Amino acid sequence: MKIQTIIQIVLISFLFLNVESKKINCLHLQQDECIKNKDKCFLSNVNSCCEKDFLMCLPISSKYCESQTDDVFSNKNILKKSPPSSSHEWCLKKKKSILRFNTSCVPELDLDSEYFKPNLYKCKYSKCQKGFKCVDEKLHKKCETENNPCCKYESKCVPSKDIDQNEAPIFKNPKGQLAQDIYNHLNPDSPQFKDKPNHENHKKDKNNKKHKKDIKNNSDKNNNNNNNNNNKKNKTINNNEPNQNQQSNPIDRTFNNETPFPWNFKNQDQQQQKQEQTQKQTQKEYFKAGSPYPVLPNLNKEPTTHLNTIEPTSFTASASRYQLEGNDNKDEENIDENNGEDKKKKKKKKKDDKSKKPKDDEKHTKKPNVTEQPADDPSIEITEEPTITPSSSPVHQDPCKKATCPNGSHCLVYGNQAYCKLDKPPNYQTMSPLPQKQQPSVKKMDSLSMFYKKSKMLLSEYTTEQRPQLTCSTIKCEDDEVCINKVGLNPYCQIKPPPKPVSYNKTSCSQCPIGSYRCNPNPNGSGVICETDAINCRLIACKEGEFCIDNIENTPPKCYPKLLCNLSKIPPDYYCISDEIRGGFYVKYESYIDLSCETLLCEGVNSYCVENGGPICKTWPNDTIQYQPSCDKCPKDTMSCTPNENSNNKGVVCRIDRPSCSVIQCPDNQYCVNTDKGPKCYKRSIECSNSRCPRDYTCKRDEIRGGACLKN
């Protein structure tokens, strides 16, 4: 007996270690390990604005975040209406930190966090999905990561106020009270399999419904006959009769068809007994459900109390799934035994035939299956019977009950954590697809400030790619401008100084270079001086894929490779414009120029600007003389009003002498604008090379004003 007890303890200890070893903490896995465990973990690429990009291993199966998303986009009917894959981007913000998740799943948020969808344009030109509202909020972070829409947007879609609490709508409990009781007792603290009920259980729904009433009646019947049945069982065990298997355990095992386990409870009030029994029964049933090995009988006939220390949260998912699949037949057999005396007699006859076989042979020859528990062993002594009934299932909280997800998404529980998942791709018309990011080089991990609640993450961090440098070959200056490239500053354009001719000392004019326009005698000595213009790009032929630049300060004309906007990595605060000669060039983004009489260009000698809810260009009449019936009808800028000398026309003659910018001289660095209230001087502040006009307007370079917005 002692040897058997020692063997049992060793096997149980090994089982405990094996169950613990199968626990996987996705948050602590590296990239390769996270990919290998994709049935439990999901590798998500996370982009931050002012930090390095990194990979995060989320504790949720990849099939919830990848397969379902791919299946939706594989539908040809939806594919025609669905936006690009970037519509699955979530922007998570807390205080000054912003992260982008390019997945349909996001971690659970705390009260200080918010998630939103970025828009490239303002709400006037953007559209949000149902359950979201658009808010104009402009953000252009200086330390933004390239091509990260969460760091650079004009507006955002945020959850609207009419968000209702989501009670995990995707969860579907197994049909039938029997299957539900089995699930509740085998998985008291783990709701992650509720969303995928077993298909075999659904096939047996009709049988479960058929026995639903029998379970309730039998539970009441068994509670009344507990004392008598227990005495019969004890008598059978002590006598060791050949028909010992005929007397079945009177405990109703509608939720537990495994090998009976020793109970150790005290007879107390029913409410207190249920609470204590629920906790202990949960731990014992977990051990049986999660065990990949058969449960050995208790050979020493003593209750084993050391198993209660096992944490119920560390059970194996596969074992509980197998147990749920294989229990229905056994449950139906146990229920049939209690339906009537006729069924009991039939069961006893079958058991009598089986009991004739020697127990030792059966014990040594038949090896129990991993997914099946061995038959009842009469050597186990049940000291007291539990008062718990199948209808009293353990109470466990659903994380989705406290979670709030916006319309268009639903709550998903995995690993005792709540996630908000999109039901279908949202209808975003403003999102632009992101280019595929190349695999960056690995660098030593820096400390990142993560803002997730109860998260301990080991991040596989990667360095961001080097940002492109601005040069005079990637920006465009006008023909009369020169590009200045100083150390520590971005290149800029300024007015080109007058060209200086190039002189050559030659012995005669015939030796002057081609293109020389002047040949004069040398006043200092013999020979001549040949004068020619500096060499320019018109005299240089570049090879294919290059272009020539000759307006770089202190740099001779040179060929540079063309810039392709679709393949280039655009610097922050810049956008790329295609060009036939240069291939493309960068233009700096700045705030939209506010339209006013100061920034609006009104072309024409008699044009002037009127501030009337917005600048408007109007034109004065060409005539400076108007005929009016009386002097009070003359314009405000009338200098004189005289009677009409023409006898044919009655009235007065209004002589107009308008003050205009033609007679106004503004201070230095200022320019004059004709308005309806007279000429005004404004400070020169606009440069078309680094400014943008609003839509339907173009920035026109002007020598006096520097630049102004002209309506298209």
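The count begins at 1 with the first shown residue.
Quick reminder: no glycine exception, Cβ is built from N, Cα and C everywhere.
A quick note: this is a predicted structure, and the numbers were derived from the prediction, not measured.
Scan Swiss-Prot for N-linked glycosylation site across Asn257, Asn369 and the hit is Asn369. Straight-line distance linking the Cα atoms of Asn505 (N-linked glycosylation site) and Asn524 (N-linked glycosylation site), rounded to a whole number, equals 11 Å. Packing against the domain 'Follistatin-like 5' (687-710) from elsewhere in the chain are residues 475, 477-478, 492-493, 587-590, 592-593, 595, 599-601, 603, 671: each is 6 or more residues past its ends and has a CB under 8 Å from a CB in it. Secondary structure of the domain 'Follistatin-like 5' (687-710) per DSSP, as helix, strand and coil residue counts: 3 helix, 12 strand, 9 coil. Most buried of the glycosylation sites Asn505, Asn524, Asn566, judged by other Cβ atoms within 10 Å, is Asn505. Cα-Cα distance from Asn524 (N-linked glycosylation site) to Asn566 (N-linked glycosylation site): 58 Å (rounded to the nearest whole number).
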